[in-house]
Amino acid sequence: MACGEFSLIARYFDRVRSSRLDVELGIGDDCALLNIPEKQTLAISTDTLVAGNHFLPDIDPADLAYKALAVNLSDLAAMGADPAWLTLALTLPDVDEAWLESFSDSLFDLLNYYDMQLIGGDTTRGPLSMTLGIHGFVPMGRALTRSGAKPGDWIYVTGTPGDSAAGLAILQNRLQVADAKDADYLIKRHLRPSPRILQGQALRDLANSAIDLSDGLISDLGHIVKASDCGARIDLALLPFSDALSRHVEPEQALRWALSGGEDYELCFTVPELNRGALDVALGHLGVPFTCIGQMTADIEGLCFIRDGEPVTLDWKGYDHFATP
């Protein structure tokens, strides 16, 4: 049976979450009507994902829905925000009901996990792409930003950057991993990244700055450096690698992927010396490793990478949509 735009929305995307009392009116009218809780600041982020650019054209729709939402959740995590609402503008080449069912089921599984509600959006015909607008709340005056780092702050990352780039390389047959368990782990790190929502919330009163690693550590830490007007010194020997990555990738390639591979969606953040003990307590029970990799400083500009005690020059760069190939 043919499925028009409005029946498509009703069948696959109009799923009300009654637990969200801040939504007066969701899908079905010209606008959503929403209430911002008292003493909360609204945090908003938007991402566009295009087939062949941000994801492989033959990706499983369940993985696509998960990743599309997860990367937006990662932006909220970087600000220390609580997830609340989502808008979705979806462009489809045709109506494939099996594809839509898999996509929407996966999307709502993750929405429900974070007690979020889809409040509106749009559908149209064209090459496969989507734009998501995510909304969350952060207590007034407690949001994490890129601009708060101070000289002397210690620089940390969660998880093990570089895994996502390795997973993509496996999917593109650029990396051969014979161990099925390791291959599955790395592919999952690319297709289904874990937004560090709890870590971001725990950092509200501990970190001076934070950012999520979407374009690679070089690029993203560079944003903190620029916004905070101070330098950063990184000890390459301190960068954490997963066992799966270390077993199948040469050290220099692992380092390159960790610094410039992108799409890890871990958090990079800076913490003053005074808060390091509290940081261990706040993040230590959340089940995700976090590693100190360097220090912010006033005596250099930009990023300085140290190997065996000496500065080294790296010509790697993070991902840039408009960079000249």
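Cβ atoms here come from the backbone N, Cα and C positions, even for glycine.
What you see is a predicted model, and the numbers here were worked out from it, not measured in a lab.
In this structure, D30 (Mg(2+) 3 binding site) belongs to neither helix nor strand by DSSP; it is coil. Long-range Cβ contacts of D30 (Mg(2+) 3 binding site) within its own chain (separation 6+, distance under 8 Å) are none. Taken from Swiss-Prot, the feature Mg(2+) 3 binding site applies to D30, D75, D212.
Taken from Swiss-Prot, the feature Mg(2+) 4 binding site covers D30, S45, D75.
In the shown protein chains, 12 other C-beta atoms lie within 10 A of the C-beta of D122 (Mg(2+) 1 binding site). The annotation Mg(2+) 1 binding site is assigned in Swiss-Prot to T46, D47, D122 on the grounds of similarity to another entry.
Residues annotated as Mg(2+) 2 binding site in Swiss-Prot: D47, D75. Taking the Cβ of D47 (Mg(2+) 1 binding site) as reference, residues of its chain lying under 8 Å away and at least six apart in sequence are, in sequence order, A68, V71, N72, D75, T131, L132, I134.
Residues or ranges marked as substrate binding site in Swiss-Prot: H54, E263, Y319. DSSP classifies E263 (substrate binding site) as coil under the three-state reduction.
Annotated ATP binding site per Swiss-Prot: G121, D122, R146, S214, in sequence order. Within its own chain, G121 (ATP binding site) has F13, I27, T87, L88, A89, L90 as residues 6 or more apart in sequence whose C-beta sits under 8 angstroms from its own.
Cβ-based neighbour count (10 Å, all protein chains) for D215 (Mg(2+) 5 binding site) stands at 21. Annotation source Swiss-Prot lists Mg(2+) 5 binding site at D215, citing similarity to another entry.
Here the Cα atom of E263 (substrate binding site) is found 5 Å from that of S214 (ATP binding site).
T46 (Mg(2+) 1 binding site) counts 12 other C-beta atoms within 10 Å of its own C-beta, drawing on all protein chains shown. When the binding-site residues D122, R146, D212 are compared by Cα distance to S45 (Mg(2+) 4 binding site), the shortest distance belongs to D212.
Note on R146 (ATP binding site): other Cβ atoms within 10 Å of its Cβ, all shown chains, come to 20. Under DSSP, D122 (Mg(2+) 1 binding site) is assigned to a strand (E or B) in the three-state scheme. Here the Cβ of S214 (ATP binding site) has 21 other Cβ atoms within 10 Å, regardless of which shown protein chain they belong to. Cβ neighbour count for H54 (substrate binding site) (all protein chains, 10 Å cutoff from its Cβ): 18.
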